[in-house]
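Features of the protein shown, as given by Swiss-Prot:
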| type | residues | note |
| --- | --- | --- |
| BINDING | H63, H65, H141, D212 | Zn(2+) 1 binding site |
| ACT_SITE | D67 | active site, proton acceptor |
| BINDING | D67, H68, D212, H270 | Zn(2+) 2 binding site |
Amino acid sequence: MEFVFLGTGAGVPSKGRNVSAIALQLLEERGQTWLFDCGEATQHQILHTSVRPRRIEKIFITHLHGDHIFGLPGLLGSRSFQGGTTPLTVYGPKGIKQFIEVALSVSTTHVKYPLEIVEITEEGTVFEDNEFHVETKRLSHGIECFGYRIIEKDIQGALLVDKLLEMGVKPGPLFKRLKDGEVVELENGTILNGKDFIGPPQKGRVITILGDTRYCEASRELAQDADVLVHEATFAAEDEQQAYDYFHSTSKQAASIALQANAKRLILTHISSRYQGDTYKELLKEARELFSNTEIATDLKSFPVDR
């Protein structure tokens, strides 16, 4: 599992930062990539990374401001042009379906893969399978905006091979049956319960990715005990009132959410273009005064998510 930040700026592109898009690489977990937001030129940013459009399985949109969605039509079309055939699902607030369908229709763009668009109308679970569970809550922004909590389900423990070998059980079909938790009988009449030969499960990881938001309780709830919290930090602490007026957060407020939620790690993004060059490091300094395990994303930077 790895983050690739494709765009980390706020509002409009700047020389140093493109607008919002984050790829969550789940190559080891499911051989796919999930994308969170898709600002303009996202597909161009992808060209500079290991992200492959054909592997994008899901796109989660936080809200419908242009800096978070204007890259969608181009990416969806290019994925088809480049030979993508596997299904893709886009999740987002009400209106995302109309935006995509009109853009593709007017531009006569035809996608050759199954494209499903899911409009989120209620908080709660938006996706779940045997590996992951994705929950959402409304944040505090000028328009409807969602934050996402991605929960990796616990992974079954490894088969205790050494223990079986000590008992004289040879590798083969019995190993698979025992790993599946079956009760088996050996040739000598010994009964083995597969559950007794499975190590402890690996705890799944929790990732929280928030859209644009003021400091709010929903952010803390989504980030509770997260392994990684990705939070916007549009403004410095001295501009807290301006952040409030424009429905955004300061770096210090992001750190406060991480601290209250007992998150393990904080990554700041959505940085205003007023912080050019190394001036953005002041945002990092302010956040670390409150929450030491803070990093700030820059375009094309990757962050592995360890177990």
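Here the Cβ of each residue, glycine as well, is placed from N, Cα and C on the backbone.
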Measuring Cα to Cα, tell me the gap between D67 (active site, proton acceptor) and H270 (Zn(2+) 2 binding site) in whole angstrom.
10
By a simple count, how many Cβ atoms lie within 10 Å of the Cβ of D212 (Zn(2+) 1 binding site), its own Cβ left out?
27
Integer Cα-Cα distance in angstrom, H63 (Zn(2+) 1 binding site) to H270 (Zn(2+) 2 binding site):
14
Using all protein chains in view, find how many other C-beta atoms are within 10 Å of the C-beta of D67 (active site, proton acceptor).
22
Measuring CB to CB from H65 (Zn(2+) 1 binding site), give everything in the same chain under 8 Å that is also at least six residues away in sequence.
I143, D212
Using the alpha carbons only, what distance in Å do you get between H270 (Zn(2+) 2 binding site) and H141 (Zn(2+) 1 binding site) once rounded?
14
Other same-chain residues whose Cβ falls within 8 Å of the Cβ centroid of D67, H68, D212, H270, the recorded Zn(2+) 2 site, in sequence order:
A10, G11, V19, S20, D37, G39, T62, H63, H65, G211, E232
Note the Cβ centroid of H63, H65, H141, D212, the recorded Zn(2+) 1 site, then list each other residue of that chain whose Cβ lies within 8 Å of it, in sequence.
T62, L64, H68, L139, G142, I143, C145, G211, T213, F247
Residues satisfying Cβ distance under 8 Å from H68 (Zn(2+) 2 binding site), sequence separation of at least 6:
V19, S20, D37, C38, G39, I61, T62, G211, D212
